[in-house]
Structures are given as C-alpha cells and as structure tokens.
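What follows is a set of notes on a single structure, which appears directly below.
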Amino acid sequence: MTLETEPRPAPAPPRTGHRRVSAALHRSPRLRLAGLLTAPAAWLVLVYIAALAALLITALWTVDTFTGKVSTTWTLDNILTVTTDPVYQAITLRTLRIAVVVTLIDMVIALPIAFFIAKVADKRWEKLLIVAVLMPLWASYLVKAYAWRNVLAEGGLLEWLGAPVGLNSPGYSETAVVLTLAYIWLPYMILPLHAGFERVPDSLIEASGDLGAKPLATLRLVVLPILVPSIIAGTIFTFSLSLGDYITAQIVGGTTQMLGTVVYANVGAANNLPLAAAVALIPIAIIMIYLFVVRRTGALNNL
Amino acid sequence: MKLSRSAKTILGVITGLILLFIYLPLLLVVVNSFNADRTFGWPPRSFTLEWWGRAVASEGVRDALATSVQVAVISTIISLILGTLLALALQRYSFFGRDVINLLVILPIALPGIVTGIALNNLFTTVLGVPLSLWTVIVAHATFCMVTVFNNAIARLRRVNGSLEEASADLGAGVFTTFVLVTLPQLRSALLAGGLLAFALSFDEIIVTTFTIGAGQQTLPVWILSNLFRPNQAPVVNVVAVILIVVSIVPIWLAQRLSSDSVAGTGAPGIGRGKIKKAKVPSAP
C-alpha cells in the first residue's frame, strides 16, 4: 500500500471522543482510507457482486412445481433448455439479428454526423452540436420508445411523411423494434466516433491530400484505420444495450419476442426465476465473447 | 483533406437531418399532449389543454409522481454519500484492488438494465427473502446512481490538489473540520451536478424498477408502462411523458452548466475520453 502523506504528530492532545477519532484518523492514512472505502465498497460488493454471483447460481437451481418456490436442487436443466430448445434458439437468433442490424444502422448514421462535428464544423458550433446530441441521451428511455409508438402509429407521423413517396409505416413489428432501438442508442455511437475523429491529426489528413490522395482515399486509407477502435467502442454500446432490451419490444414490437421478453415473463407471470436467470446468462455470455474478440483492437480503452 | 464546398454543405445537411431525426419523435410527444384528437392522427386538427387538466387531476399520476420523487431523492442522497467517499478513496490513495473497484462502480450501468434488474430481483426475493418494496427500488437505484456522483467528484478532485487540505491539517484543523471547511466547498458544484444527474437517472429509470418494485406500487415510468396500452388513458400518458422529458432534461441542463469539467462532463454513460472517464447510463436503461 502506497500512502500519500507521512503520519505527523497530532497538533493538539485529544480531549473529547470526537477529537480522539479525528487525531487517530490524522495519524493513520490507512485508517482514513478504510473509513472512506468501507461503506461504498461494501455496498457494491454486498449488493451488486453478490447479486451477480447469486444469478449465476440460481440458474443452476430449479422451481418446485408444487409450491412455486425456488428449490436449491442442483441441475443443468435450465442451461440445457435455453441452449437446445428451438424456441429459445430462435429467440436468441432474433435478438442477435436485431442487435446487429441496429448496430449497423447506427454506424451508418453516426459516421457522417460525427465527422461533420469533429472535422468540418467550426469550434463554436462543435460544442453546441455535441450538447444537442447529448441532451436526448438523458431523456427517458421509456419516453423515447413511447415517442416511437406515436411516430409509427396508424395514421401517425411516419404514415403521413411516407404517404407522398408511397412508403408505409412498418406498424408494430420487428422492423419497428430495430428502428426504435437504432434511434434510442444512436448518441452512444455518435459520441465515441466523434472522439475518434478528434484524435485523427489534421496534419495527417493534409499530408495525405498533399501526396495526391482524393478525399475518399484519405478517409479510407488514413482516417478509417485510426477510427476502428472508436467504431468498435460504439458498437459495444449499441450491441449490448440492444441485446438486453425488452421494453422497446413490448411497446413497438407487437408480438416480437426478445431474450429480455422471456426473462421478464419468467420473473413475473411464469414465476420461474431459475429459468429467467439462465436466459439472462445468454446476453451476458454473448457480450463477454464480443468483448473478448474485440479487446485486442484497443477499443476497451475508448469506452 | 480539401473538402469541396458542396461536400461540406451536404455533410451539414445530413447533420441537420440526423438532429431532426433525434428531436422529432420527442417533439411529437409534446405536440400530441395538446392534440385534441384521441387517436393522435397526424397532422393534428385542433389543440386542447384537457389532457393536462386530466393529468393534474389524476390521483394515480399524482401518487406515482410523489413515489418517483421520494425514490429519486433518497437514492440520490445515498449515492451522494457513497459516491463522494469512493471518489475520495480512489483519488487520494492508491492501494491494491483500486482498479477493480473503479470497474465495479461502472458495472451496474455498463451491463444491460435487464441483467442488473433480474440479478437484484433474485438477490432480494430468492437469496435474502426480502419482500419487494420501494426500499428495494431505492437500493437498486442508489447502486447505479452512485457512478454519476463518483464521476463528477473524481473529475473535480483530479483538478484540485491536496495541498489545501495539508495546509489545513498543518494549521491544526482536525480531519473532519478539514473535510467540512476545505474539501467540501471545493467539491460543492461537482456534487450538485452529480446529484442532479443521479436524480434524473433515478427519476426516469424503468427496467431495473420493474424488477425491484413491490406489487401495487408505481413510479411515474411504471405508471406510463401500465397505462400505455389502455386506449382511454393514452392522452394522459402523453402528458406524463412530457413531464418525464422535462424533469430529466432540466436537471441535466443545470448539471451541464455546473460542471465545467468538459462538455461531456455530464457523463454520457460510459462514453468519454482522456482524463474524465464516464459511465452511463442509461441504461438504459
């Protein structure tokens, strides 16, 4: 343990209990650190880490069919069910597909706006634009999903906008889920991409131009390689946040079921917490695998 | 790279369209809260204040609002205390396991809300046997709100050095006196910003809340979710949604003005660069 200050003698002899504690704390940095750290660390470990560990264990338990209570019988049944049952496989694949499409859409939309904010707009505008992107990030997730229910509704805004060009609203469907999730997580993609573009030195771009590269060639050969870690950082958010969603599916998805829908149904109505825990492990596993695959790109330092 | 004037214009137009895409749905909710047509056909034909009147008169909405405020205030207070202690510990001392704790505080907001939600639900109901209530919601919210206070406090602590505290100690002030008279005033605006963000985060959280709230109790987001599919409640839901937008955006806007640490200093969840590490979100939600 490295400590920042050497203990010094207490300035005045302790007279009251309060002073005695203060003097003891003053003398021992270790004691001070313990005083600071105990409560928050205990909270995080006892509440959160314990909860995650318990989740893992519960997935290996089962539910007593008579009492409906969780019984602590060890079994791999839940894990086997969610990995081999075609219903769960289909839901897992659908959820993965939604998360991938959402990520791709966000990437395509975020690239031009992040580039414009970082490299084209002048400094005064840059700050304003960043705030404009950040603000809706903090508006309620629920309200944003609800807003899209309004947009997609029969006779709603999208139908009205699409009518002149012959486009129809997708209604409440998987497409609607993709659109809405892409909308909700977009700022999570724009911000790391903006940071990535900022890191590309202007001199490098100019040098590329001076050596005869056209703008598109510069983008592809000079900017893109530097940008890759930021792109991956953005995809980590859009991908993992989409994987865990169920509210959006509930609000605009019609009958679309995602992994989250199954987890929620098994916690509530179906009352099978062990199975719900096993299903919740799927997105965790997928995210872990994804993080493991991309860790070498340096993306994790861009989070 | 020399971009032609037209390329710049095109990029500018695309940026404008994307911002329109970002704000249009939220504006639609605001406009629809005044839309006289119950089915919210677009474009609206006439406007009314009736829905706002009904929302204000609705006991369910008032109760849910009171519950939301109560949960948000208590979890903000808990996260202010824990977040500040943690920031002081991690910034002023280096010790074994510091990086682990740093990661630990971000985790509740980095993992999808559903994982946090079901993990805590399982902890309360199966492991501890505690009945779900508002207190379980508060414990859950405080766990992920801590990070906003922590981020703001640690960013501030990095900028002010510890020499003032040493001077205070040299002049004979006790540890507590130094904290109250020297450390706290330096942290005040950062804590206010972090606290406002924590409040906003808790106020509109839905996923973790649905997993940890007791039967029959409703925060405002839970009220929205349970009334969303009832056609005769739809107009009031719009009004409540607008209230949620305002109550979450205003504290963020204030926090943004208070924390001059960086533009992104309000802490887009997990998004940041360089010296100020942030974590969300929102999870989402």
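Residue numbering: from 1, along the chain as shown.
Glycine too: its Cβ is placed from the backbone N, Cα and C atoms.
Pulled from TrEMBL, these are the features on record:
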- A:92-294: domain 'ABC transmembrane type-1' (DOMAIN)
- A:36-61: transmembrane segment (TRANSMEM)
- A:96-116: transmembrane segment (TRANSMEM)
- A:128-148: transmembrane segment (TRANSMEM)
- A:176-197: transmembrane segment (TRANSMEM)
- A:218-239: transmembrane segment (TRANSMEM)
- A:273-293: transmembrane segment (TRANSMEM)
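When Cβ distances are compared across the two stretches, the transmembrane segment (A:218-239) makes contact with the transmembrane segment (A:96-116), since 3 or more pairs at least 6 residues apart fall below 8 angstroms. Using a cut-off of 8 Å between Cβ atoms, the transmembrane segment (A:176-197) and the transmembrane segment (A:36-61) share fewer than three residue pairs, counting only pairs 6 or more apart in sequence. Distant neighbours of the transmembrane segment (A:273-293): 55-56, 58-63, 70, 78-79, 81-82, 88, 92, 95-96, 236, 239-240, 243-244, 259-260, 262-264, 266-267, 300; these residues of the same chain sit at least 6 beyond its ends, with a Cβ under 8 Å from one of its Cβ atoms.
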